[in-house]
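Peer 1: Before I ask anything, let me first share the structure, which is written out below as structure tokens.
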Amino acid sequence: MLRVLLLGVLAPAGLGLPTPAQPQPRSSQCMEHDCFQLFRGPATFLAASQTCEGLGGHLMTVRSSVAADVISLLLSGDGGDGPRLWIGLQLRRGCSDPGQGGPLRGFQWVTGDNRTSYSRWARPHVGPAGPPCAPLCVAVSDAAAPAPGEPAWEEQRCAAEADGFLCEFHFAASCRPLLVDARAAAAAGVSVTYSTPFGARGADFQALPAGSSAAVAPFGVQLACAAPRGEAEARWGREAPGAWDCSVENGGCQRACSASAGAPRCLCPADTYLQADGRSCATFAEHSCHKLCEHFCIPNASVPGSYLCMCETGYQLAADQHRCEDVDDCIQVPSLCPQLCVNTRGAFECHCYPGYELVDNECVEPVDPCFGSKCEYQCQPVSQTDYRCICAEGFAPVPHDPHRCQMFCNQTACPADCDPNSPTSCQCPEGYILDDGFMCTDIDECENGECPEACRNLPGTYECICGPDSPLAGQVATDCGRIISDPDGDSDSGSGEPPVTPTPGVTPSPSPVGPVHSGVLIGISIASLSLVVALLALLCHLRKKQGAPRAELEYKCGAPAKEVVLQHVRTEQMPQKL
């Protein structure tokens, strides 16, 4: 967080340019081992998620009404005007449907699961425009709530900016707030300011995660929340030995804290002594007790010199009451694991059957990456989260829209795509013409004079090799953009405008004056053939009127008519093919 704040201050000073305001932390709340923080400032879902992860957490998961109450507390402490705040719920693919997908409507938490006992959607039903589709993310807001004080969920485009976001942090151990004597606090004006590992500061916390610090004024005492090695609970302390002011957390003393001699100091019972930290007490036999026990030794204060051995979690005391042996956690009933349990020394591991994966101590089936895909033909998974669309034989994905398929041919001739219910209805790829009814033949653009100079015909397309008079001399293009050079070098003659050089990477539009296109030639050929047929019919009619012999007329006119199959062609210029 410090790095983010420094960048926000130094960047405008170094460049002299205004920079967008970074989201700022506002109110925070902690409950046992979980903490939550509200950030205000415009941010997309991705930017919000990255900010939370950079602080060691993730966007908030609202799985219960308790978590929803935390959001209400954070909003009440923020004092905003119904902001929209990102939470950790997203729909990567498919469409949101209130009738399917369970209470989350097909959405998933950023932790990769969809477990929840709570949902609060602002839109209970699908609108007239139909359900919104992925990618979608969820923002929570008071403005969308059906009732005051009950923030509701709204689907939003993930690329849109919300007014802020909510982060969630989990810690293995936590400390309660410092205990301060009320009378002493009122007399000396004692105040405590807490700082958390995720950057939250304040004086009102229900719990503080391990790694937090506390500044106690006016004594100048700095305390840290830490879990001692081998203990599950954290407590307040400091590196410097000795007690601090007795009005704050009993001065840190294990037993009694006394300030009668002026400076605060810790006192121990008569049968114990003060240890090196100046706050803990130990019995006189404790210095040799740890050598007798394998893990822990607890002196018995009621019987001087006696002790009790204890073991770490996952172990149990052996028959000799001194050694510790491993406990097989996997034989417990009910089982600690949902499917498979593997015992280890002092612990255990949970595994799943093949085809399942472990998510938050539950075995779930992996989500099919093809679920909700929009592939026109077939979807093929390539990993647990990604897929690709494939097409039928003779087709290939559209480059700019890989979910759709288009006809594809890399040869001079390929079978046409014909409707089985209408055999005469056939289609060919761009750059091909239907031939013999069921075959697509490549159009040789080079024979039609598409290039002013050298030409190379390719399946479905062509290339022009530009000459020295072209702005693209020596390059390959579909239009070399021929220019007229001035042999006299007279800069005053001509139109007075400099020659236009085509922009690299953009194909110039074909000149309206140039070689006749192949479509025009085909149209002329068909028109000529039609004219010949008409002339033959006219000739037969004239000969019949002149009384020509019937046999000759039958020979000329009674013969079976030859079927002429005409293929519809377009006379406009052929677009360039990919």
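Yeah, the Cβs are placed from backbone N, Cα and C, and that goes for glycine too.
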Peer 1: Just choose from Cys405, Cys409 the cysteine that Swiss-Prot connects to Cys414 via a disulfide.
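Peer 2: Recorded disulfide partner of Cys414 in Swiss-Prot: Cys409.
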Peer 1: Using the record from Swiss-Prot, pick out the residue from Cys389, Cys391 that is joined to Cys405 by a disulfide.
Peer 2: Cys391
Peer 1: With the disulphide bonds as Swiss-Prot has them, who is the partner of Cys330, out of Cys324, Cys337, Cys341?
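Peer 2: Recorded disulfide partner of Cys330 in Swiss-Prot: Cys341.
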Peer 1: Can you tell which of Cys289, Cys293, Cys324 Swiss-Prot lists as bonded to Cys309 through a disulfide?
Peer 2: Cys293
Peer 1: State the mean pLDDT for the domain 'EGF-like 6' (442-481).
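Peer 2: Here the mean pLDDT over the domain 'EGF-like 6' (442-481) amounts to 83.
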Peer 1: Just counting, how many other CB atoms are there within 10 A of the CB of Asn343 ((3R)-3-hydroxyasparagine)?
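Peer 2: Looking across every protein chain shown, the total is 15.
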Peer 1: Going by DSSP assignments with H, G and I as helix and E and B as strand, what are the residue counts for the domain 'EGF-like 5' (405-441)?
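Peer 2: In the domain 'EGF-like 5' (405-441), the DSSP-based counts are 0 helix, 22 strand, 15 coil.
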